[in-house]
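A.B. asks: Could you have a look at this structure, given as structure tokens, before my questions?
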């Protein structure tokens, strides 16, 4: 039995008070949620403190909340911020736990079967278990997730029903407890004690929950009764205290009891017979043989071990679902009355829509060629309409909400005023004739004031030619193209901020992490060429790159003013007017954001002999590269321990680059 706490309150801890537009945005959002409104949009300009507003809303409505971001990096940033705002509540992190993932696939044209290959990040797996167990144990939970949250997960009912509940005084034999732990996929290992394992010493059983990384539990027996339960330091065995109740959650999310397993196996066998008959009728004897061999092996593993690699492909039978019925996901672990917040919704909702189709086409190939049963098609992400059916109340958060969000609700709450008093930049349009020389003059003016410039082009060739020309003119310039790896991109941004160079040229400057307060000029070339990066939303987002500097200015080079340009210019001018009026009324002088320049790169390129020396990895010999990989692994673990997953991911990418040279 799980002790589910329902009366905890969210407690927001912050040295800030709501300011600017934040108080009215918070009040409106909270009133609408408490009034039962299903969907609303928080349209917050860049740098207006949207995450703080979200935190205030969560603390006031006091509902379990799912925050979805469109990639792991942003989810990690949000997770860190919410952990700071809610240190006394359960802030959890749920993203894909794969460091590396090659999905199972088949390419008919070359008759190539690609087996599933993956590397699981143990730390993230722990955090996923922490998220699901927290949702079943308490009400004050915020889960920050990527779109992984719409992928199939085991049944929450089976997961909860499988919990092993222990108390001092409970009559249960030691052997019965050991069997119960094995049933929920715990592994006995008396030597290597890790998450998801237990060890036995006489009448003492030590259990290391899947959701922990440092603390384990020592269950002491007296005969066939639990005498006491202690929380201990897993590494040293030091006793931390006694507990009066312990709920051990399964070591995997795909878990089922013996009765359900027998039913599931019978259904898998029946489906196998059906599919074999179909293949034989069509003369597909190779496919039939392939399917029979693989499925019978999986059935044997399920019968003997209760688990097999790829068990998720049989989840429909395990869960007792009908064909085509949506899978259980993280959303099913939440209670009925919960809140969803979609960060950067103009990007995230598009991802949620697209996940199903990509997964379906790959799996159909596996089914058609006898690598999987048709029921594998039901191990999938949710369709968008299935996601919508889980929505009780939702807030879309974006500076530029998409068409989908605007179709869902007419309730749009604006947050335009920045706590720093910074204004949206001035935008002007200049003709393309003589644009490069004109831009050169603007760049030189910024260089004299120790300010930086972003230039965005539409083609790779234009970006390269422009970079070469400016270099010839004596400008310190770099070109950031799509092939640049994560770590190198971080290094480029850091060098730009430090003044190693003054101008950054790129095609897409909307990626996360490219917010540079030192940038006072954004130049948009070919602004009148309609497309993804030159539509209204793309232009507004690009203009926002100059909104962190009090001298922010945007120049669009174009021969005509398109509707997208005009709407972006009008919207920026509207916001700027509101911001100026607010500043004037309250006597606020805009101040450029002061943002610490974190030295990520020196961390990853440190060499043992000279701490601050940076090296070119290509110049290292094999032994030096091996030593560097060891150092990087240690630094990656240190970053993980302080929950800085963004840094950890960047160090990991650096490690992969070093390993690739061997």
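Note: Cβ is positioned from N, Cα and C throughout, glycine not excepted.
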A.B. asks: Among 49-72, 73-96, 97-120, 121-144, where does Swiss-Prot put the label motif 'Beta-hairpin'?
C.D. replies: 97-120
A.B. asks: In sequence order, which residues at least six apart in the same chain have a CB under 8 Å from the CB of residue 45 (ATP binding site)?
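C.D. replies: Those within reach of residue 45 (ATP binding site), by Cβ under 8 Å and sequence separation of 6 or more, are 399, 415, 416, 418, 424, 544, 547, 575.
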A.B. asks: Taking the binding-site residues one at a time (46, 48, 51), which has its Cβ surrounded by the most other Cβ atoms within 10 Å?
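C.D. replies: Top count of Cβ atoms within 10 Å goes to 48.
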A.B. asks: What kind of secondary structure is residue 45 (ATP binding site) part of, going by DSSP in three states?
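C.D. replies: Assignment for residue 45 (ATP binding site) reads coil.
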A.B. asks: Taking the centroid of the Cβ atoms of 44, 45, 46, 47, 48, 49, 50, 51 (ATP site), which other same-chain residues have Cβ within 8 Å of it?
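C.D. replies: Result: 53, 399, 415, 418.
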A.B. asks: Neighbour count, 10 Å Cβ-Cβ cut-off, for residue 49 (ATP binding site): what number do you get?
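C.D. replies: Looking across every protein chain shown, the total is 22.
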A.B. asks: For a quick check of understanding: among the binding-site residues 44, 47, which residue's Cβ has the most other Cβ atoms within 10 Å?
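C.D. replies: When each Cβ's neighbours within 10 Å are tallied, 44 tops the list.
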A.B. asks: Around residue 50 (ATP binding site), how many other CB atoms lie within 10 A of its CB?
C.D. replies: 22
